[in-house]
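According to TrEMBL, the features are:
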type: DOMAIN; residues: 1-278; note: domain 'UvrD-like helicase ATP-binding'
type: BINDING; residues: A22, G23, A24, G25, S26, G27, K28, T29, R276; note: ATP binding site
type: DOMAIN; residues: 279-551; note: domain 'UvrD-like helicase C-terminal'
Amino acid sequence: MSLNPYQRAAVEYCDGPLLVLAGAGSGKTRAITEKIAYLIAKKHLPASKIAAITFTNKAAREMRERAAKLLRGQDADGLTVATFHSMGLKFLQIEHEAAGLRRGFSIFDTDDSAGVLKELLPKGAKNDVLDSVRGLISRAKNDVLSPERAAELASSPREREAADIYAQYQRRLAAFNAVDFDDLIRLPVTLLDEHESLRTAWRERLRYLLVDEYQDTNTAQYRLLAQLAGPRGAFTAVGDDDQSIYAWRGADPENLVRLGKEYPTLRVIKLEQNYRCARRILRAANALIANNPHLHPKQLWSDHADGEPIRVFECRDSEHEAERVAAEIRFIADKHKAQWNEFAVLFRGNHQSRALEKAMQLQRIPYHLSGGTAFLERAEVKDTLAWLRLIANPDDDAAFLRAVGAPKRDIGSTTLAKLGEFASKTSLSLSRTAERLDVLRQLPTRSAGAVDAFVTLVKRLRQLAHAEPAGALCRRLVEENGQIAAIRASTRDDAMFARRRANLDELADWFDAAGKGGPGELAAQLALLTHADRDEPGNAVRLMSLHGSKGLEFSYVFIVGVEDGLLPHEASLDENRLDEERRLMYVGITRAKTLLHLSYTRHARRYGELQRVTPSRFLDELPKAELHWIGRDAEQDAERTKERAGATIASLSALLGD
Ligand SMILES: Nc1ncnc2c1ncn2[C@@H]1O[C@H](COP(=O)(O)OP(=O)(O)OP(=O)(O)O)[C@@H](O)[C@H]1O
Ligand SMILES: [Mg+2]
C-alpha cells in the first residue's frame, strides 16, 4: 500500500508547522505513522527526540512497530507515544521540583477531587453545586487560569465563590503532594511559560511533535503543543473538524483557526480520498454531515465498491434490539467467515451496554466492553492502588482514607475524625499524624493499636518499595494487608472470589509489564489509562461508546439506540448542541468498512415508565436510496411525521411571537 501524493507531501514536509485537515478514513493517522518512520530513516532524527500524541492503543502500537522496523531490530523505546495527559505526567515527573511537588506525588482521580471539594463547600451542599463548582474549576484549568487570575476574571458572585474554592482546593492538593487530571496539562504549560530554561531544555529534548485528532484539543493542550514545538513550529497536527466531539470537555475547534493565526507560515494539506468505507456508507456520512455549517465544504470520495445498503432495524425495546444485533452478528460471522474482532457495536450512553452484554452472553459471542474505566473502578483495584499511592506518597490523604478501610480494621470514624483534627492543627498529613506517638497516646488503646499496626505495615512496605519491583510489591501487598483474605471472607461465591482475585493479579501483571518506575509513578500512569484501553481485547466483538470509537475501524459496525433523546442526546436538544451530536453520529458511521447497521426501539423504559420512542432525526438526513428498513411500522411512521410537523409549527409560531 503506497501513500497518495497528498499524504506523501504531508510526510515529507518538515520545514515548518503543518496541519493536515481531512475527513474520516482519509489516512491521517497513517500519514503520521509514516512520518515518524520518515523522520527517523530519512531525517536521521533519533526516536527519542520525537513525540506523538495519539488516543488509541492501536495507533500507538503501529507507530512503535513501524519505527522499530526502520531501526532494524533496535527497539523504538525512546519514542514517546502518549496522550496529552501522559505527556504532561512525564513532564511533571521530571520537573517535579519546579512544580513544587515531591517525588512520588499522587494523581487525584475524579472521586478524590470530589472528596476534597466536598470538604471545602458548606455542609450539606447539594451534588449539583459540587458538580457546577468542579466544572468551573476544570474550565479555568483548561484555559490555563491560575486561581488568582480566575478571581480577577470572575464576573458573578457564583464565579467569585468558585474562584475562592479553586484557590483553597489548590492549597489542599499541594498539602497532599497531589495534582488532578487537569493539572497534568495546566502545570507544564505554566512552568514552560515562566521558565526559559525549561523551554530550552524541552525543545531540545523533543525535536518534533505529531498530534493526531487535533480537533479535540482544548486550550491548555494547544498551549502545551505550542510551547514544546516552539517558534520553529516543529510539528504536524492532523484532524477533522467534522469529528470534534469533546466540546463538553473544553475542546475547542477554534484551536484549528488559532493555529493558522499564531503560525503564519502554517502549511495546510487536505486529503479527500477515503480508503476505509464502502461507497454507500461514505455517501450516507457525507449527506449527514452536510447538514452542519461548514466554512469550506469538503466531499470525500472513495474508489471502493458501493457495498450493501445500510440496514435500519426497528425493534420493540432495547432487549429485542440487543438480541437482534447479537443474532445478526452470529449470522454475518458465519456467512462471511468473519472474526469476532471485526465487529463493533456502538452506543451513545454507557447504560446501553447492559442489554448488549446479556445478549452476547446468551448467544455465546465473545465480547469486550471497552471504556477502560470499568477495570480501574473496581473496588479491589482502587483499594490496592490507594495502598500503592500511600506507600509512594505519605501525604496523600485521599489514599490514606481509602487504604485504612481496605480491608476494615479497628479504626472507626471517631478515630479518623480525631486524626483529622490533629492533622489540621499541625498541618501534617493524616499518615504523618498517625505516626506520632503523642497522637496515639490520646486515642483509646484498641484504636491506637490498630492505627499503629497500620502505620507500621505501610512503613515496612515503603522500605520494600525501594528494593522490590512494583509488580512484586503489589502481589505481596494484597496478601500482607489482608485484602485477599477479606475478599475471601466476603463471599461464598467461588467464581466471584476468583474474579476479584484475578483483577488483582491483572493489576500486578500490568505493573510487571510497565517495567521500571516506583509504585507511585506507575499508579499515576495507570490512573491515566482510564481514557484509553489497557490492552488489546483479542478476538472479541467490541462494545463501546461512540466517543470511544474515535480513530478506530471495523468491517461490521452496529449503532444502537439511534433515537431522539439518545442520539441526539436529550441534553443536547435544549442546549443547542445538535451539531456536535451529528458529528458523533458521523464518527460512528465512518468507523464501518463493509457493513453498517443502525437500530432503534419503539419503546424505552425512561424514569421507570415505558415510553414511546421517536427514531432519530438523523435518520431522516441519510439518503433514502442507501437505506433498507426492516420491521418498520408504516402507520407509526406517518404519525411521527405528523407529530414532528406539529412541533415545528409550534416552535416557529413561538419564534414569530404569535
Ligand atoms: N494510501 C493509502 N492506500 C491504501 N490504504 C490506505 C492509504 N492510506 C490509509 N489507508 C487505510 O485507510 C484506512 C483509514 O486510514 P486512517 O485510519 O489513517 O484514516 P484517518 O484519516 O486517520 O481516519 P479517522 O478520521 O477515522 O481517524 C486504514 O485502514 C489505512 O490503512
Ligand atoms: Mg485517525
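Placement of Cβ uses the backbone N, Cα and C atoms for every residue, glycine included.
Any TrEMBL annotation is an automated prediction that lacks curation.
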K28 (ATP binding site) - helix vs strand vs coil (DSSP): helix
Among K28, R276 [binding-site residues], residue with fewest other Cβ within 10 Å: R276
Among A24, S26, K28, R276, the binding-site residues whose C-beta sits under 6 Å from ligand 2: K28
Three-class DSSP secondary structure - A22 (ATP binding site): strand
Per-residue pLDDT averaged over the domain 'UvrD-like helicase ATP-binding' (1-278), given as an integer: 89
Binding-site residues: A22, A24 - member with fewest neighbouring CB atoms within 10 Å: A24
Sequence-distant neighbours of S26 (ATP binding site) in its chain (C-beta under 8 A, six or more apart): L271, E272, Q273, N274, Y275, L300
Whole-number Å value of the largest CA-CA distance among A22, G23, A24, G25, S26, G27, K28, T29, R276, listed as ATP-binding: 13
Conformational class of R276 (ATP binding site) under the three-state DSSP mapping: coil
Cβ-centroid neighbourhood (8 Å) of the ATP site, A22, G23, A24, G25, S26, G27, K28, T29, R276 excluded: R30, D240, L271, N274, Y275, L300
